[in-house]
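One structure is given here, and the rest of the page talks about it.
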Amino acid sequence: MQRHAIILAAGKGTRMKSKKYKVLHEVAGKPMVEHVLNNVKQAGVDQIVTIIGHGAESVKDTLGNQSLYSFQDKQLGTAHAVKMAHEHLADKEGTTLVVCGDTPLITYQTLQSLIEHHESTQSHVTVLSASTINPYGYGRIIRNHNGILERIVEEKDANDSERAIKEISSGIFAFNNRVLFEKLEQVKNDNAQGEYYLPDVLSLILKDGGKAEVYCTEDFDEIIGVNDRLMLSEAEKALQQRINRYHMENGVTIIDPSSTFIGTDVKIGIDTTIEPGVRIGGHTTIEEDVWIGQYSEINNSTIHSNANIKQSVINDSIVGENTTVGPFAQLRPGSNLGSEVKVGNFVEVKKADIKDGAKVSHLSYIGDAEIGERTNIGCGSITVNYDGANKFKTIVGKDAFIGCNTNLIAPVTVGNHTLIAAGSTITDNIPEDSLALARARQVNKEGYLKK
């Protein structure tokens, strides 16, 4: 059976009080609508249509060709939004999942279970529900005395007894696709808001003797809809708890989960320890037995086994086995550290290969460079890579010793097993096995200050 999905992402999100459109606000480092799309895909859906309106181009830029798109010019309610997918889905057979783009905590497992329940019961519509102590703002699930679904009533249209019901609609549905688009034509807007409600499709199906089911999830957090900054923070907290719990259950020590932020695409090996205040995001892979020190930030990087990261910032870089970074170091994009490398305090590395066993221990800048095996870069040494218009490369061979406060004026090559005297400014290539001195001779003028 074919499976389709419609993601509702057209709303502006006025309560967010933001220039950014609601579904593009991030949770765990990723736009909410992207979380939704990823889980819809994992649920086994064949075709996705995203309904866009406010911020249409920004949403399309975020999701790219992972989805088809239909434009909702005026936001006239959820049924009206779903109807916009007519051009892509109206003539299709199968099941159509409808999901709101502001529900970043929904999991693919729950969506899978909803679809499977819908198809196994041969229903025309199945609604995903949950129970909560505080159902304010959600549509209520109304059942008859036999527990069978009768209708869904929105908060603003509910009477006092209906508002007291704790089982709520998530706004997520599975429909028989042909029935969905047939009934959408019959939905009216005679309600308090003057909008076309998607739950009215369910009422029309029941009125015509169709079959409606409810699938209840036990995790209310999954269906949280984010409408304001407070709910955004609640969603962030809930997703971080879920992510951190997953890693701890799989052998990672997180000393203070409440202050540790890990993205959904991060992979972490067993026996790695993460201290408080750490942020790890993007497509980062951390292997086994790594120590991530407090307040470190790592994005889109690979950290190999037994590395030790101390209070440092690492972006788009590779850190080798048994390598130490920090404290207070920065690896900028394109940094590649080999095994048993030391990059120490207040060192900045950018677009550089630092080979196995090399050391850059203090107060240095290494940019657009290649540093050979076991070479030592002295304190305060820098590669001077930029002339105001272009950047140039510095190559330092293996087993070299670069004295403190050395300036390597690129482009320049320093051979294997060389020694550069402290305080030198190197402008010419240095042959291997050489000593290079490039500094003015010291002159003492005795008694000068007594004049």
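Positions of Cβ are set from backbone N, Cα and C atoms, glycine also.
Residues or ranges marked as region 'Pyrophosphorylase' in Swiss-Prot (evidence: sequence analysis): 1-229.
The UDP-N-acetyl-alpha-D-glucosamine binding site feature in Swiss-Prot is assigned to 8-11, K22, Q72, 77-78, G139, E154, N227, R332, K350, Y365, N376; the stated evidence is sequence analysis. Under DSSP, G77 (UDP-N-acetyl-alpha-D-glucosamine binding site) is assigned to coil, being neither helix nor strand in the three-state scheme. Long-range neighbours of G77 (UDP-N-acetyl-alpha-D-glucosamine binding site) (same chain, six or more residues apart, CB within less than 8 Å of its CB): N189, Q193, E195, Y196, Y197, L198.
According to DSSP, D102 (Mg(2+) binding site) is assigned to coil rather than to any helix or strand. Swiss-Prot lists D102, N227 with the feature Mg(2+) binding site.
Shown for the region 'Linker' (230-250): DSSP residue counts in helix, strand and coil, namely 20 helix, 0 strand, 1 coil. According to Swiss-Prot, the region 'Linker' annotation covers 230-250.
Marked as region 'N-acetyltransferase' by Swiss-Prot: 251-451.
Around the Cβ of A422 (acetyl-CoA binding site), the number of neighbouring Cβ atoms within 10 Å comes to 15. Among the features that Swiss-Prot reports, acetyl-CoA binding site is placed at N385, Y386, A422, R439.
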Of K22, K350, R439 (the binding-site residues), the residue whose Cβ has the fewest other Cβ atoms within 10 Å: R439
Assigned element (helix, strand, coil) containing A10 (UDP-N-acetyl-alpha-D-glucosamine binding site), judged by DSSP: coil
Distance [Cα-Cα, Å, rounded] between K22 (UDP-N-acetyl-alpha-D-glucosamine binding site) and D102 (Mg(2+) binding site): 7
Binding residues N385, Y386, A422, R439 (acetyl-CoA) - maximum C-alpha distance in whole Å: 22
All-chain count of other Cβ atoms within 10 Å of N376 (UDP-N-acetyl-alpha-D-glucosamine binding site): 17
By Cα-Cα distance, the member of binding-site residues D102, N385, Y386 nearest G139 (UDP-N-acetyl-alpha-D-glucosamine binding site): D102
